[in-house]
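Undergrad: Here you go, one structure.
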Amino acid sequence: MCGILAVLGCSDDSQAKRVRVLELSRRLKHRGPDWSGIHHHGDCYLAHQRLAIVDPASGDQPLFNEDKRIAVTVNGEIYNHEELRALLPNHKFRTGSDCDVIAHLYEEYGENFVEMLDGMFSFVLLDSRDNTFIAARDAFGITSLYIGWGLDGSVWISSELKGLHDECENFEVFPPGHVYSSKTEGFRRWYNPPWFSEAIPSTPYDPLVLRGAFEQAVIKRLMTDVPFGVLLSGGLDSSLVAAVTARHLAGTKAAKRWGSQLHSFCVGLEGSPDLKAGKEVADYLGTVHHEFLFTVQDGIDAIEDVIYHIETYDVTTIRASTPMFLMSRKIKSLGVKMVISGEGSDEIFGGYLYFHKAPNKEEFHRETCRKIKALHQYDCLRANKATSAWGLEARVPFLDKEFVNLAMSIDPEAKMIKPDQGRIEKWILRKAFDDEERPYLPKHILYRQKEQFSDGVGYSWIDGLKAHAEQHVTDKMMLNAGHIFPHNTPTTKEGYYYRMIFERFFPQNSAKLTVPGGPSVACSTATAVAWDASWSKNLDPSGRAATGVHDLAYENHVPIGNLKSKKMDSVSLGNAVGPQELTIRS
């Protein structure tokens, strides 16, 4: 992932302003440590921090059209860039970068070209011919993006809050699947799939079609000129990503450059479910497997850095981001710059355990629609920022546009969870890859119960976080929570603890509004809480809160009051710039 910052229509075009823009852009340097660039035209600045993945030698940004009157700063990967180049025979490209097509497509097709892009992206394009600009974000918000407005009438656009939060009077999340145009001074939705209306689809389920679509989604994401690997927790989603990657890697350009031996990575507490399952899958697939161990105290020591980088106070996201944040640093230290990950599957197929209680296929489908629309606030945010904190890029094939549109066109009756018929969560995805002749995975892995990432790294991780918060947030503080935090008032001590840290980094009112709120159980939306009356008594985002569903649900688990937060001797992470020494097993 790269980092982009644009300041458009500012009243000050002095050298001091340029220096300030560069200073703010450097706050995003963790996202793109390989190169930095800036383009200044009149009252507009485009800045870029580059993570070089495709064409590392010549793809520096900002990028331009032939006469340099159209400039663009991009964070993303355009997987169909070669096909798009073929549509532009009269254009000359300066680089081999996949993002180089954007300025030329705009010159040829105007603002509507965004629909032609297949990939993950956020960009700002400046047309100096008429001093206008557009900005756009990918369909699901895989890449992070924010927009703000200054008192001088300027528009600010940044990959992260930290690039603009103390320069703008007001700022907000740039909505996924939208284009912002200076000509209209407003947003237009460019991604309008049939499922977005939440109408109930009726296409029959075809396992081979679904399998083929996912394999193509993975193959697209093997476009790289740098070393890469896969994140492998041993759960269904990451295991399928690893299995398909391993099966199709040989013969690709990436394999010719870096070899066909796939590397896989897993993180967890000693003895965690993910470490055990991840190693088993890695052994089955023959990957070079790397395990990263952390302790509860390691994670607690990193919480402040995690909140600074992830830019949220959402409990679920912070729980899951912390081990991913720790793992990403170690992956990058091994020389890897890109990983393929399994985010998005649970939202598309109703994989969260609370979907067991969906009353009918209509409610099931509408909830999946709501979950996909909110991905940019949760799992996409985590996957993007936890990896980008260390200059690592995460690609997510389950959020391929074509794959999502296909999967969301299937009659949701096929997705319904029916234990009496042997259909557990994500049954249609499991069935699609249940190949007796050429198995992708062992049966017990293919049908392993869903674990949320924050649960799978080790159940004591969440319990340890709660115990730590108990020591730092008093009952009196909780009584006054509604007065201190009137918006999205924290309902638990853990939530209060995260909120205090967040507001120390991002004190503006606009910042707190960028984070979603509302009741949730096991990652549900507020609407789905009504599916089971008992859930309102235990609004915890852990999958174990889905009582009566998870094998290790909270009703069978040790209560938090019996746990103590304990200082571990093995590791101290310190702050973000200090060394972290996690145990590595390869």
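Every residue, even glycine, has its Cβ placed from backbone N, Cα and C.
The annotation active site, for GATase activity is assigned in Swiss-Prot to Cys2. The L-glutamine binding site annotation in Swiss-Prot covers Arg50, Leu51, Ala52, Ile53, Val54, Asn75, Gly76, Glu77, Asp98 and rests on similarity to another entry. If you look up Swiss-Prot, you'll see Leu231, Val267, Ser341, Gly342 marked as ATP binding site. Residues annotated as domain 'Glutamine amidotransferase type-2' in Swiss-Prot, with sequence analysis given as evidence: 2-185. The domain 'Asparagine synthetase' annotation in Swiss-Prot covers 193-516. Sequence annotations record features per position, and here Swiss-Prot assigns site 'Important for beta-aspartyl-AMP intermediate formation' to Glu343 based on similarity to another entry.
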Undergrad: If we check Cα distances from Asp98 (L-glutamine binding site), which of the recorded positions Leu231, Val267, Ser341, Gly342, Glu343 wins as closest?
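TA: If we rank Leu231, Val267, Ser341, Gly342, Glu343 by Cα distance to Asp98 (L-glutamine binding site), first place goes to Ser341.
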Undergrad: List nothing but the largest Cα to Cα distance in Å, as a whole number, among the residues Arg50, Leu51, Ala52, Ile53, Val54, Asn75, Gly76, Glu77, Asp98 that the record says bind L-glutamine.
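TA: In whole numbers, the farthest two Cα atoms are 13 Å apart.
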Undergrad: Taking the Cα of Ala52 (L-glutamine binding site) as the centre, which of the recorded positions listed as Leu231, Val267, Ser341, Gly342, Glu343 lie within 10 Å of it?
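TA: Checking each Cα against Ala52 (L-glutamine binding site), there are no hits.
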Undergrad: Measuring Cα to Cα, how many Å separate Cys2 (active site, for GATase activity) from Ser341 (ATP binding site)?
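TA: Pair distance, Cα basis, whole Å: 18 Å.
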Undergrad: Please find which two of Leu231, Val267, Ser341, Gly342 have the most distant C-alpha atoms, given that the record lists them as binding ATP, and give only that distance in angstrom, rounded to a whole number.
TA: 15
Undergrad: With an 8 Å cut-off on Cβ distance to the Arg50, Leu51, Ala52, Ile53, Val54, Asn75, Gly76, Glu77, Asp98 Cβ center, who else from the chain surrounds the L-glutamine site?
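TA: Neighbours within 8 Å of the Cβ centroid, excluding Arg50, Leu51, Ala52, Ile53, Val54, Asn75, Gly76, Glu77, Asp98: Met1, Cys2, Gly59, Val74, Ser97, Cys99, Glu393.
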Undergrad: Consider the binding-site residues Arg50, Val54, Leu231, Val267 and say which one has the Cα lying nearest the Cα of Glu343 (site 'Important for beta-aspartyl-AMP intermediate formation').
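TA: Smallest Cα separation from Glu343 (site 'Important for beta-aspartyl-AMP intermediate formation') among Arg50, Val54, Leu231, Val267: Leu231.
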Undergrad: Give the number of CB atoms, excluding that of Arg50 (L-glutamine binding site) itself, located within 10 Å of its CB.
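TA: Its Cβ shell of radius 10 Å holds 25 other Cβ atoms.
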Undergrad: Using Gly342 (ATP binding site) as the reference point, find which of the binding-site residues Arg50, Val54, Gly76 has the shortest Cα-to-Cα distance to it.
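TA: So, of the listed binding-site residues, the one sitting closest to Gly342 (ATP binding site) is Gly76.
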